[in-house]
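So that you can see what the record holds, here are the features copied from Swiss-Prot:
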BINDING   41, 46, 443  Ca(2+) binding site
BINDING   64, 380  Fe(II)-heme a binding site
BINDING   243, 292, 293  Cu cation binding site
BINDING   247  O2 binding site
BINDING   370, 371  Mg(2+) binding site
TRANSMEM  18-38  transmembrane segment
TRANSMEM  66-86  transmembrane segment
TRANSMEM  103-123  transmembrane segment
TRANSMEM  148-168  transmembrane segment
TRANSMEM  186-206  transmembrane segment
TRANSMEM  237-257  transmembrane segment
TRANSMEM  269-289  transmembrane segment
TRANSMEM  312-332  transmembrane segment
TRANSMEM  340-360  transmembrane segment
TRANSMEM  379-399  transmembrane segment
TRANSMEM  414-434  transmembrane segment
TRANSMEM  447-467  transmembrane segment
């Protein structure tokens, strides 16, 4: 009973971080199952496993997207790593609002329940994660499925807003003595920028889906031309949230990768301040490019020219980060342990995803490529290999600190190589399919596309084998069997530890710091 009370009512940032990780893992497995069903359907031309039910196919697409974005990447990145390590990294005893932290987590399971029930009610919600009207309107989706999905989004949105308020307050007000803003570890900076993005973008989404809800149920016509509304207004509102959202998913990953590259190159991060201002620039510019998702809806030519240029400008701070990671590794004494493998894999694959993004930024090219598999390949290279590789990298980097036990290195490396091979085999052929004109969200296709689709589906099965390997690693590491106890600082940085988590025991005590640490200087800015 006391154990149950501890986990239900916990206000400890480490306990809540662990809950987020468990929740993210469960949602991630479910989302992966949906993605495998999608790839099984697309393995060959014609109807395969769904019996020609095209609505069901789109329900799978929608559920896969929502699960992966709102219930896997965000809870694990921001809720898991953020809760676990932000207070430790800044020398704080806990988060600023511990009970708010608790409710932020416990809003997510009901939200997940609502999402899953939306897939089971009537014919499900087959709108895609964008939930565009008129497809999501009451005439096209007459049951309660879309309403349930909207309520699910509302709940997870409230959870994220409360969490971001908590992170902003914690980072601004609870830094230990001597921890100035310019001494903050890059992961903390990444969470801070992410929290601001959430705080500014989610209310816009909430407004859009609330208007959609009233259009569906109370006869308003916000998005219905018959009553003077405009479905394009919904697209503007959604993407004003949706584009910052993709940076919300990747920015904490940037912070994690910076720590790992620095640790395993035995060097401080190249251009610390440049890295910080690059993240802030990405955050600001992320709000100024939303209509590049809408080049095909009839925007004015000048508008398209602006959004093309603004989208390309985002590549500049992103490039600064990529080249700073490479410069950090340059001349370093690099150790290719599992976290570093995932970090290098991240840099390579994220760069490919970024380059295809530059292609899609051109409004003329995007008109040809919009809603084809080229776009699917692009954002999966950025997310399925960017955000997810950063998650795995962070797990292997900090797992000793979390569990207090070392992970099996060989199994970790096997996990990396299987996953690396699997995801590339899944998503690289999609570029060719997109360039050949294969449209997204359609469960059948002409025979001409059969070869690349078969290869892509085979790659997804390999990825599943890699994910199974990962859970084997988790099981071995968390059990008190053969693997040895983890040192305070497992990566041999004890001579010159750069961040505070390597100065506390593994796992940290329930109350991390007996007394608050005082920061005299950091490697980032040793002249302070």
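Note: Cβ is positioned from N, Cα and C throughout, glycine not excepted.
If you compare Cα positions, residue 380 (Fe(II)-heme a binding site) sits closest to 243 out of the binding-site residues 41, 46, 243, 292. Counted within 10 Å of its Cβ, the other Cβ atoms near residue 292 (Cu cation binding site) come to 23, all protein chains included. The secondary structure of residue 41 (Ca(2+) binding site), as reduced to three states from DSSP, is helical. Residues 16, 19-20, 23, 27, 55-56, 59, 62-63, 66-67, 70-71, 75, 79, 141-149, 151-153, 155-156, 158-160, 162-163, 166 of the same chain, all 6+ positions outside the transmembrane segment (103-123), place their C-beta atoms under 8 angstroms from a C-beta of that stretch.
Taking residue pairs at least 6 apart in sequence, the transmembrane segment (66-86) and the transmembrane segment (186-206) share three or more C-beta contacts under 8 angstroms. For the Ca(2+) site, the Cβ centre of 41, 46, 443 serves as reference, and the other residues of the chain with Cβ at most 8 Å from it are 42, 44, 45, 47, 48, 49, 50, 52, 57, 444, 445. When the stretches 312-332, 340-360, 379-399, 414-434, 447-467 are ranked by Cβ pairs under 8 Å to the transmembrane segment (237-257), first place goes to 379-399. Closest in space to residue 443 (Ca(2+) binding site), of the binding-site residues given as 64, 247, 293, is 64, taking the CA atom of each residue.
Summary: among the binding-site residues (46, 443), the fewest other C-beta atoms within 10 A of the C-beta are counted at 46. In sequence order, 239, 242, 289, 290, 291, 294, 307, 311 are the residues of the same chain, not among 243, 292, 293, whose CB sits within 8 A of the CB centroid for the Cu cation site.
Contact check: the transmembrane segment (66-86) against the transmembrane segment (312-332) gives fewer than three Cβ pairs closer than 8 Å, residues 6 or more apart, which falls short of the contact criterion. Residue 247 (O2 binding site) and residue 293 (Cu cation binding site) have their C-alpha atoms 15 Å apart, to the nearest angstrom. Closest to residue 293 (Cu cation binding site) in space, going by CA atoms and restricting to the binding-site residues 41, 46, 370, is 370.
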